[in-house]
Amino acid sequence: DGQSIYESGTSPTCASCHDRGTAGAPKINEPGDWDGIDLDAEALVDSTMDGKGAMPAYDGRADRDEVKEAVEYMLSTIE
């Protein structure tokens, strides 16, 4: 499920940065951190696959469908 992928998927895991806000990553459970970010799941999956800022590109390292599950989990924590 999305939470498991978020916590223990491809390294570095989503949780390794988004739990603490490392390198400016918006934190889960903190809706204010996501202000100004396009919250469209597909747009966030694209950013994850391509890499953005300090976040490395996951294209070729992670399955797009699993990335989408993790993104949807993250979005569910800020609704």
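Along the chain as shown, the residues are counted starting at 1.
Every residue gets a Cβ built from N, Cα and C, even glycine.
Swiss-Prot annotations:
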BINDING   C14, C17, H18, M55  heme c binding site
COMPBIAS  1-14  compositional bias 'Polar residues'
REGION    1-35  region 'Disordered'
Counts of helix, strand and coil residues, the region 'Disordered' (1-35), according to DSSP: 19 helix, 0 strand, 16 coil
Those binding-site residues listed as C14, C17, M55, and which of them has the most Cβ atoms within 10 Å of its own Cβ: C14
Cβ neighbours of H18 (heme c binding site) where a neighbour is any other Cβ within 10 Å: 21
Reduced DSSP assignment, M55 (heme c binding site): strand
Among the heme c-binding set C14, C17, H18, M55, as the record gives it, the longest Cα-Cα distance in Å: 10
CB-centroid shell, 8 A cutoff, heme c site C14, C17, H18, M55, site residues removed: P12, T13, A15, S16, T22, A25
